Structures are given as structure tokens and as C-alpha cells.
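A.B. asks: My questions all concern the structure below.
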Amino acid sequence: MEILMTVSKFASICTMGANASALEKEIGPEQFPVNEHYFGLVNFGNTCYCNSVLQALYFCRPFREKVLAYKSQPRKKENLLTCLADLFHSIATQKKKVGVIPPKKFITRLRKENELFDNYMQQDAHEFLNYLLNTIADILQEERKQEKQNGRLRNGDVDNEDNNSTPDPTWVHEIFQGTLTNETRCLTCETISSKDEDFLDLSVDVEQNTSITHCLRGFSNTETLCSEYKYYCEECRSKQEAHKRMKVKKLPLILALHLKRFKYMDQLHRYTKLSYRVVFPLELRLFNTSGDATNPDRMYDLVAVVVHCGSGPNRGHYIAIVKSHDFWLLFDDDIVEKIDAQAIEEFYGLTSDISKNSESGYILFYQSRD
């Protein structure tokens, strides 16, 4: 058995090496970007949800640069961010241009910190992205808080900071955070009230044979509040019919869009996949911005896509397609392949109905040009 396993591992390593050398030849030494590395990630038992998101984030350059800068800071106690920084640094400093890396330390830490991921079952890539970004932000805010406290103690200032004060935004917020404004207009007095809400990613409903632009417009459709759903107007001091709509007030540097492809079906008593064909362009501009939005004409370029392959949330596989310099790559755990830009169309989804086995875009990462 031991010999068989060793032979199997050796065969696997040989295959990885063959894939790596083929990719290097396909790109060519003259075209290969300086200081760039393309490394697949070993799957530790249904960890493709994690691998695909990590590859997408690695090729979101502002995020990668901040994580690598964090690595260069004085050594800190191990946490999820230090493990991520070690992984990114390991990829970025490899002598080889292409290859495979086992993200074992990161996966071990992830499973230790959150029981949701402490198993060998398929997890949701969007849940993982959400958890990762929020955890990193929490770590950075806690470290900043500790630094302030240590600074005050050194200066002899023992007064505690107001615990209710809003924490300063971190570089996670600077990169991914946008702001939505919820506008409600009373149909009696025409008074408009608005409430702001921050987001790190936007979850949008999907419809058959549409585009991401259409889905985003639907996200901002006007909703009429009437009957038992009437809105309490402060001006009228009574419940009134009203129009409500959501607009984008602040556009993020990197816009992460989550396509809501998993829907609970009452008759089936389970979630099923909406394999609808949703076109996502290489260039994107948002049209549902508020009147007071900063830089409302901001243009975005698609830099990465997390793709779900399969027919349901608990069955299937995740891969990532990323843009690096002027070409596109597909990361399927330890396999890395160069693909044509036209091949992205294969990941839009299917024109047929639900519950189909499909490879469809699930999380889109758009980076601002400015």
C-alpha cells in the first residue's frame, strides 16, 4: 500500500511538473511577465472553494500588494492574515515561474478558526470570501487598537478610548468597500429620506438570458410600499404609500459581485442551482448610482471570476479564471492553463432551465481603472 501511494504521489508530481512546463512554453520567455508567478494550489479535500477565491484575490493587485506589505511588517502572532501573507509571499518569491504550492498552513488555520470550514465537505465560495475579508478587517482593526493603547500607555495616558467609536477603515475597506443608499420617497409629501449601508460585495439576483448590467439595474428597481407595507413618513407623521429604491453612493476600488445562483425550492426542500446564462462583460460601468455619488462614471475591468461547476451548492467544484497582464489563466486547484479571452463566454451559464450541470460565473471581481 505504501509503495502504491508513493507511486501515486510521484505520478501526481510528474503531472504537475508537465502542466507547469507546458504553461511556461505556451506563454514564452519573452512574453512572461517580469516578477510574476503562476502557481496552482493543492486541494486538501474539497478545498477548491478556498483555492479559487485565493487565486482570484491574488490577482486583484491592490489586495495582493497590501497582503505582501503586511508580511514585511514585524512578526506577529499567527492568525488567518499572517497565514495568508505567508502563502502570498511564498508564491511571489518562488524561483520557478510556474508550479504548485500546498496552502496547508492557511487551510489548517482556517479550519481551526471557523468550524464551518472544519470538515471535508464542499463549502460555499461566497461565504468563504465574506468570512475572509471580514476576518482580515477585524484583525487589522484589533491590531490598530492595540497599537493605540500601547502608545497611550507609553505616553502615560491611561484614559480609555471610547469603545463605542466607529473603528477607522482598514485597507480591506479601502479596496472593497462601497456604499449603498436606500432612498424612500413619500408619495404624499414627496419628501425623500435616505439611509446609507456599506458593503464589501454586492449580491445580485440572476435572470435567464440577461447580463450583469441588467441584474444590477434590477437591483435598483423602484419598489412601491403600499397596503400593510406602507412607510411611516416623519413629515406626514403617518403611514403613507412610498417609492423605495437602492442606489450606489460610493463605488469601491474593486467591485465584487456575487451572483445568487442558489435558490431554495419549496417543492424540493433543498437549494438548487440557477444555471441561467448571465453575460458578464470585460468592461463594466454602473448606471444605478445616486445623484451625490463620487466618480459615478468610474469604469471597471474584469480581473477575476470564481466559477461554480456542478448542479447544486453542496455538489460540484470551484475554479478561478484570472486576468494577468494581457492574458487570461484558468486555475483548477493544482492545474494552471492559459485560455483565450473568448473562452470566458463558456462560463456565462446555460440558456436552458434550472438544475443543470453547468460551469457558470459565481463571483465576479471588477477593478477600477482609476
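Cβ atoms here come from the backbone N, Cα and C positions, even for glycine.
Relevant sequence annotations retrieved from Swiss-Prot are reproduced here:
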ACT_SITE  Cys48  active site, nucleophile
ACT_SITE  His317  active site, proton acceptor
BINDING   Cys186, Cys189, Cys233, Cys236  Zn(2+) binding site
COMPBIAS  146-157  compositional bias 'Basic and acidic residues'
DOMAIN    39-369  domain 'USP'
REGION    146-168  region 'Disordered'
MOTIF     1-4  motif 'Required for plasma membrane localization of USP12/WDR20'
A.B. asks: Of all the recorded positions given, namely Cys186, Cys189, His317, which is spatially nearest to Cys48 (active site, nucleophile) at the Cα level?
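C.D. replies: Nearest candidate: His317.
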A.B. asks: Out of Cys186, Cys189, Cys236, the binding-site residues in the record, which is closest to the residue listed as 'active site, proton acceptor' when you go by Cα distance?
C.D. replies: Cys186
A.B. asks: Taking the Cβ of Cys236 (Zn(2+) binding site) as reference, which residues of that chain separated by at least 6 in sequence fall under 8 Å from it?
C.D. replies: Cys186, Thr188, Cys189, Thr191
A.B. asks: Look at each of the recorded positions, Cys48, Cys186, Cys189, Cys233, and point out the one with the fewest other Cβ atoms around it within 10 Å.
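C.D. replies: Selected from the recorded positions Cys48, Cys186, Cys189, Cys233 on minimum Cβ neighbours within 10 Å: Cys189.
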A.B. asks: Starting from the Cβ centroid of Cys186, Cys189, Cys233, Cys236, the recorded Zn(2+) site, name every other residue in that chain with its Cβ within 8 Å, sequence order please.
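C.D. replies: These residues sit around the Zn(2+) site: Leu187, Thr188, Glu190, Thr191, Glu234, Glu235, Ser238, Gln240, Ala242.
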A.B. asks: Looking at the domain 'USP' (39-369) alone, can you tell me the average pLDDT?
C.D. replies: 91
A.B. asks: DSSP three-state call for Cys48 (active site, nucleophile): helix, strand or coil?
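C.D. replies: The residue in question, Cys48 (active site, nucleophile), is helix (DSSP, three-state).
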A.B. asks: What three-state class does DSSP give Cys189 (Zn(2+) binding site)?
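C.D. replies: Note: Cys189 (Zn(2+) binding site) is coil by DSSP, not helix or strand.
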A.B. asks: Using DSSP and three states only, what is Cys236 (Zn(2+) binding site)?
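C.D. replies: Looking at the DSSP assignment, Cys236 (Zn(2+) binding site) belongs to neither helix nor strand, so coil.
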